[in-house]
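Undergrad: When I checked TrEMBL for this same protein, it listed these features:
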type	residues	note
DOMAIN	393-598	domain 'FtsK'
BINDING	411, 412, 413, 414, 415, 416, 417, 418	ATP binding site
Ligand SMILES: Nc1ncnc2c1ncn2[C@@H]1O[C@H](COP(=O)(O)OP(=O)(O)OP(=O)(O)O)[C@@H](O)[C@H]1O
């Protein structure tokens with residue numbers, strides 16, 4: 001019998017064995033699970049490895065290694081299953097992609113080159129293909145069905161950034177050139193412009209496209225001047241943005257869609273960098289351009305330019321010279337790049353596009369192309385708008401209105417400024433009738449550039465829009481001043497009318513006052529810098545008036561067009577920024593300096609017979625290049641003028657012609673012809689330098705001081721003034737109601753004087769050529785108190801008579817000079833007026849003695865200096881530079897300051913020896 005203890009031990013042992021068994025079981029299960037897990041892990045690792053490398057991409061050794069894996073069979077079976085299923089789904093994928101590319105990259109954008117290369121595109125550029133082919137991707141399987149096209153968006157969709165791999169420049173050039181020729185071949189010529197910049201080279205960038213470089217379709221930039229390209233692009237962006245904003249659009253695409261017109265070409269700018277970051281300023285500019293470019297139809301293709309831009313960018317990273325990774329297809333797919341298009345074919349294609357573009361531009365257009373089919377159909381109520389030239393066949397317009405009220409035109413001599421003015425005036429006059437546009441034309445140049453616009457001897461026609469034509473005014477700056485004064489007066493008149501109608505601009509005034517005559521006024525002043533040619537009163541007044549007109553003319557429809565040959569003209573503005581700033585329309589002829597903004601060099605490179613038009617104060621983005629047709633050749637403008645003249649001449653008055661080279665003729669002066677006997681005779685001395693044709697005259701009432709002194713040694717002018725004064729007075733007295741007493745001690749002048757005496761006598765007047773002047777004066781003084789007949793004393797060269805006058809006759813208390821002084825002092829009150837010619841001021845002073853200058857109430861000075869005249873002009877400073885054919889005239893009763901006049905041309909007569 002087992003002891004109790006033994007039994008207990010057996011029980012424990014048994015229990016322990018059971019536990020051991022259980023533990024063994026658990027451990028066995030755990031080991032099995034672990035093994036299974038390890039196998040699963042190995043299987044998954046294998047699967048991962050296979051997926052990573054690709055079932056078909058493994059090397060033979062790899063394949064072999066995999067096949068030795070215990071799970072190889074399972075894994076390959078599973079993966080083949082998955083892949084099979086996937087490819088069953090994907091079988092439609094390549095096709096879908098092909099169709100997608102085909103529909104978004106039609107024609108040259110995506111089709112093989114044989115179908116289009118060498119043909120000129122027809123797409124007008126209102127819309128653009130969305131994608132442009134660069135290559136293809138073939139997915140695993142290597143069967144044709146799994147190859148699909150790869151294309152990138154460009155133009156207004158996305159930029160493209162290309163990153164090179166070593167030795168891939170030719171491959172990159174091929175990508176870029178293929179893309180560019182696809183783009184260029186898609187659109188009609190002119191619809192796309194390509195800009196090329198390569199940091200490393202100037203000339204050898206994509207040479208196959210060079211045939212296009214003689215057109216605007218291709219522009220190359222200096223390697224060191226990326227800023228030029230960026231500035232230009234920034235300018236386009238700003239301009240397009242501004243145009244779009246006005247019409248309520250934010251992108252060029254919207255503007256095109258809304259207007260149905262291309263408006264602006266697409267632009268593709270290719271930037272070749274070197275993989276290094278740009279200098280900070282350029283990088284900033286580039287970022288700025290890139291962010292606004294797409295909305296303006298500008299696309300950047302950046303090669304190795306590692307600047308992150310804040311805009312849509314697709315990427316192509318080259319793996320080698322045939323393959324790349326594209327952001328369009330993701331990193332798993334390798335793009336097989338299209339091979340370069342055959343160089344010869346690209347050159348030919350570029351050549352054809354260039355020829356088509358040149359042909360389309362139609363070569364130089366003619367003046368007739370600027371003219372509308374029907375004349376005078378436009379209203380100038382809001383603005384004046386007229387084409388002045390062409391760019392690539394498209395008209396380029398000048399706009400003068402509230403936004404661009406005044407124009408500044410600059411260009412060196414011979415650059416075509418005058419021609420431009422003619423083109424502009426012709427184009428405007430053909431569009432706007434004389435009721436809509438009134439011209440005031442002034443040319444300070446020597447020559448007669450505007451003379452043909454007024455009726456002439458050879459051609460009786462005139463430009464009906466012209467109200468005033470001033471030529472040969474280079475010495476008559478006062479005429480410029482007169483024009484400015486006239487414009488300032490007109491400005492006031494218009495302001496007053498606007499105020500009365502409670503409006504603020506011309507358009508509204510015309511609306512409120514439809515029967516009023518409110519044409520837009522354009523005042524053209526060629527070589528305007530002459531206005532500022534001296535440090536004198538003319539310059540000061542001209543500056544003030546010009547500033548006033550420039551500032552306020554805008555809203556009253558008074559516009560200045562200031563032209564100048566050289567920098568001097570513009571320098572005249574220094575210190576007068578108001579005028580300069582108001583000239584927001586700038587027109588720079590080739591090589592013009594300072595007309596455009598300082599950093600804007602467009603005029604430097606402008607070709608002959610072109611002009612850079614800029615409505616934005618000369619800032620680069622406002623540049624518009626235009627070929628200006630020849631408007632100045634024989635009969636070109638004249639033909640238009642004849643047509644306009646026939647149409648309007650009956651209803652509009654002829655313009656006033658002021659020709660500084662011609663003295664006026666008294667007999668041809670309407671004021672002279674209209675003179676009749678009257679109580680207040682008026683002596684005409686010459687022509688006023690004024691916008692309206694006015695004679696300047698001296699009233700000779702019976703009042704003290706009403707004598708006239710002609711001062712200076714310029715004989716011809718002095719005779720002229722004496723002559724016109726006498727003849728005009730003669731017409732205002734009945735036959736013998738006046739007596740002319742004439743004296744002329746100057747031998748050389750006697751024939752002229754005798755001629756006048758004869759003429760006055762023939763007209764029935766009492767006229768006496770006094771031989772003994774002292775005696776005659778004594779007689780006049782004696783008869784002063786009883787004088788009833790008016791007397792005009794015409795005393796030529798009194799200074800020559802002074803010795804005789806000073807001598808006292810024996811027994812006489814008074815000399816002839818004393819009598820003369822009495823006549824000068826008391827005569828006018830009794831209707832006895834002296835018109836005397838002193839050849840020097842000193843002699844006049846001698847004549848007057850200590851009695852002061854009051855008896856000389858009016859004078860006309862010739863070749864005497866201004867400072868000598870002060871005592872006769874109430875002590876004021878007198879600016880006067882004597883010049884032939886002009887006199888300085890002052891009438892104490894009517895003038896604040898003296899004015900320049902033009903003595904009349906004395907009728908020719910024989911035998912005077914003085915002319
Ligand atoms: N667009 C053009 N096409 C053909 N010929 C032109 C053109 N522009 C100007 N010309 C010719 O060039 C010459 C000089 O032109 P224009 O008189 O207009 O120059 P300018 O700049 O006014 O010179 P200047 O200030 O010396 O008068 C003229 O004989 C004119 O016929």
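The backbone N, Cα and C atoms fix where each Cβ goes, glycine too.
Give me the structural setting of these features: burial, nearby parts and distances.
TA: Under the three-state DSSP scheme, residue 412 (ATP binding site) falls in the coil class.
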Undergrad: Enumerate the residues of the same chain, 411, 412, 413, 414, 415, 416, 417, 418 excluded, that satisfy the criterion Cβ within 8 A of the mean position of the Cβ atoms of the recorded ATP site; list them in sequence order.
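TA: Everything else in range on the chain: 419, 565, 589.
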Undergrad: These are the binding-site residues: 413, 418. Which one scores highest on other Cβ atoms within 10 Å?
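TA: It comes out as 418.
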Undergrad: Looking at the domain 'FtsK' (393-598) alone, can you tell me the average pLDDT?
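TA: That stretch averages a pLDDT of 88.
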Undergrad: Taking 10 A as the limit, how many CB atoms besides its own sit near the CB of residue 417 (ATP binding site)?
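TA: I count 25 other Cβ atoms within 10 Å of it.
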Undergrad: Taking the binding-site residues one at a time (411, 412, 414, 416), which has its Cβ surrounded by the most other Cβ atoms within 10 Å?
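TA: Most Cβ neighbours within 10 Å: 411.
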Undergrad: Excluding near sequence neighbours, so keeping only residues 6 or more apart in the same chain, what lies with its CB under 8 A of residue 415 (ATP binding site)?
TA: 589, 590, 591, 592
Undergrad: List, in residue order, those binding-site residues out of 411, 412, 414, 416, 417, 418 with a Cβ under 6 Å from any atom belonging to ligand 1.
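TA: Listed by sequence, the hits are 411, 414, 416, 417, 418.
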